[in-house]
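The structure appears right after this line, and notes come after that.
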Amino acid sequence: MAHIELKGITKVFGNHAALKNMNIDIADGEFFVLLGQTGAGKTTTLRLIAGLEKPTAGQIFIDGQDVADWGAAERDVALVLQQYSLYPRYTVRENLEFPLKSRIRRVEPAEIKERVDRVAKTLRIEHLLDRKTDRLSGGEMQRVSIGRAIVRKPRVFLMDEPLSALDAKLREALRTELKNLQMNLGATFLFVTHDQIEAMSMGDKIGVLNHGHLVQTGTPQEIYQNPVNTFVARAVGSPPMNLIAGTLAGGEAVASEGCRLPLGNGPATATDGRPLFFGIRPEDLYLDSGAPGEARVHDVENHGVEKIVTLRTSNRELLQATVPARTELEIDEPVRFSWNPEKVVLFDGNSGMSLRHMG
Amino acid sequence: MAAVQTRSERALNRVAIVAVLVITLIFLAPIYWITSTAFKPRNLATTIPPTVLFEPEISPFVKLFTKRSQLREAPSPEEYAAAPWWERMVFDGGEKIVRSGRGEIQPSGYPNRFMNSLIVAITSTVLAVGMGTFTAYGFSRFSVKGEADLLFFILSTRMLPPVVVAIPMFLMYRAVGLNDTHWGLIILYTAFNLSFSVWLMKGFIDEIPKEYEEAALVDGYTRMQAFFKIVIPEAATGIAATAVFCFITAWNEYAFALIMTNRRAQTAPPFIPSQVGSGLPDWTVIAAGTFLFLLPVAIFTFLLRNHLLRGMSFGAIRK
């Protein structure tokens with residue numbers, strides 16, 4: 001198991017900078033999730049660590065050693081991809097054996113068999129061992145490719161959206177399985193995804209990537225409750241954080257459409273009149289007949305355990321709030337809303353930076 | 001797929017079947033002609049109209065493999081009776097098999113030329129496909145400076161008919177002593193086929209996701225090991241298709257073989273027509289030579305037929 005450190009990593013393809021001066025520190029045994037949209041640089045980060053690409057600038061350390069001159073084989077990392085991750089024409093067993101049969105590892109045949117059988121048991125794929133990989137379902141394939149990673153006992157697991165190609169139910173099941181597996185192995189995981197639910201539910205730490213910049217790193221809680229800027233606020237959470245444009249006036253928030261909402265004492269450090277965004281999570285926005293905010297119901301989504309209501313304010317801003325599933329609402333029905341003043345996050349209206357992080 | 005066919009679709013289908021049958025017949029006719037002539041007695045080979053029904057015999061093959069001379073006079077009855085059955089066939093055709101002073105049968109030049117053809121075609125195919133696969137892999141997987149220009153340059157070697165350079169090639173070969181040698185022809189055919197092989201193999205290798213090799217690299221294999229363990233098995237279809245094309249080209253090549261070789265390294269194509277027999281052309285012997293000459297390509301293609309079908313469709317059927 002290993003400690004991974006990226007220092008000032010920049011990677012340029014042609015005239016496109018995929019990563020810009022990135023610093024990441026992944027502790028031994030940590031489940032680190034890199035969250036970002038397509039093209040944010042997630043896969044590039046993995047490939048750099050795996051040794052499949054060389055950084056344009058910066059250093060990568062595995063257990064404190066600079067691995068710049070190490071090839072992919074020497075770095076002893078395991079890579080699980082979204083697709084094409086199994087060798088075609090091989091059976092499941094041959095796929096699992098493949099990394100162990102490498103000349104640099106020299107594992108005894110008896111031990112290979114034992115390790116393969118143990119992994120197959122852990123992942124419940126024993127019955128598939130003699131099957132060819134093109135006869136596997138998507139979920140089975142990903143199990144096998146995770147198995148191929150585990151069987152090696154690598155220093156670090158790199159996973160490139162391993163669950164994205166699976167259907168929703170399977171994804172959920174494998175998510176839990178993968179997290180349990182990581183805890184049992186005590187292994188260092190770097191998991192890349194564009195799915196913020198995966199990030200929130202699996203990560204010990206999350207790094208949010210935006211166009212090659214690492215915008216924020218922190219525990220899921222930190223990122224969720226205290227996003228560093230409006231990008232992270234919108235990227236994490238489903239539905240995302242509401243951003244209400246407005247200003248401060250006498251310790252109260254004045255939304256741009258006119259209504260005044262109370263604020264807690266924590267974040268009110270900004271001067272009156274400065275353009276701001278008030279960030280509020282949907283679960284901290286509530287409907288109340290005596291509340292100051294005015295809006296109409298734009299849409300109602302029933303999620304079973306709760307409903308997600310989209311509100312339309314007078315200047316056609318859309319806000320989302322969660323309400324108990326029993327709440328009956330009609331489309332276009334006028335409602336009044338307020339928020340939990342303690343939970344409001346203030347962002348600068350121009351830069352989008354959180355005032356708390358700006359200091 | 002429409003399970004139910006309309007009337008017009010069915011009619012169209014029938015037209016297509018008839019068309020395919022006609023085309024197949026056209027293609028098979030020369031092969032039938034060669035095959036039947038190879039088993040005909042000499043006097044039936046050139047009849048007009050052609051003889052369709054005859055008793056097949058193997059005298060053309062006996063003649064093909066032996067050195068013969070014209071009979072001045074008919075053999076004596078004792079000599080005829082003492083000859084084995086296959087030698088009598090030659091006597092019946094008005095010829096006799098040439099024997100050495102100690103009575104050994106003198107072979108014709110054919111078996112030798114046939115071996116030459118095999119040596120040259122197989123070696124040049126292995127070389128062209130092997131080098132082509134490596135080159136194509138390099139072009140496919142690494143960013144090569146001036147890749148498009150280089151590929152065009154490689155292709156441009158096919159842009160003029162090879163015979164155009166026959167005379168300069170002949171002079172060069174004579175200067176370096178490659179005339180009438182196996183290696184001379186092998187080098188020549190490898191060079192012909194290489195550009196074709198590079199282009200074809202590049203198409204096949206481009207279709208293999210590079211993720212497979214990268215997974216192998218991460219799993220602790222070198223690039224070379226990954227190439228042999230992952231790329232080669234995946235590209236087998238393409239390699240087979242390319243090999244068949246290269247083999248046929250090298251096997252059938254006539255013009256250079258005629259110019260560059262005359263004895264030691266001569267291949268079958270220039271040799272067969274030269275065997276017009278002693279006296280009048282013996283078409284049955286030529287047909288027998290051609291018939292045997294067709295077999296290796298037919299066998300080779302038959303063995304690789306599954307790969308070929310998938311290879312010709314250029315990955316369209318690939319999963």
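Each position is counted from 1, following the chain as shown.
Each residue, glycine too, has its Cβ placed from N, Cα and C.
Sequence-remote contacts of a segment are chain residues at least 6 beyond its ends whose Cβ falls under 8 Å from one of its Cβ atoms, and for the transmembrane segment (B:12-34) they are 5, 287, 290-291, 294. Among the features that TrEMBL reports, transmembrane segment is placed at B:12-34 (among others).
Under the heading domain 'ABC transmembrane type-1', TrEMBL lists B:114-304.
Summarising the annotation, TrEMBL assigns transmembrane segment to B:118-139 (among others).
Summarising the annotation, TrEMBL assigns transmembrane segment to B:151-171 (among others).
Counting same-chain residues at least six beyond the ends of the transmembrane segment (B:183-205), those with a Cβ under 8 angstroms from any Cβ of the stretch are 119-121, 123-125, 127-129, 131-133, 135-137, 139-141, 151, 154-155, 157-158, 162, 169, 173, 231, 235, 237-239, 241-242, 245-246, 249-250, 253, 256-257, 260-261, 265, 267, 311, 314-315. Annotated transmembrane segment per TrEMBL: B:183-205 (among others), in sequence order.
Per TrEMBL, the feature transmembrane segment maps to B:226-251 (among others). Under 8 Å from some Cβ of the transmembrane segment (B:226-251) lie the Cβ atoms of residues 117, 120-122, 124-125, 128-129, 132-133, 137, 189, 192-193, 196-197, 200-201, 203-205, 208, 212-213, 216-217, 296-297, 300-301, 304, 307-308, 310-312, 318, all in the same chain and six or more residues away from its ends.
Positions annotated as transmembrane segment by TrEMBL: B:283-304 (among others).
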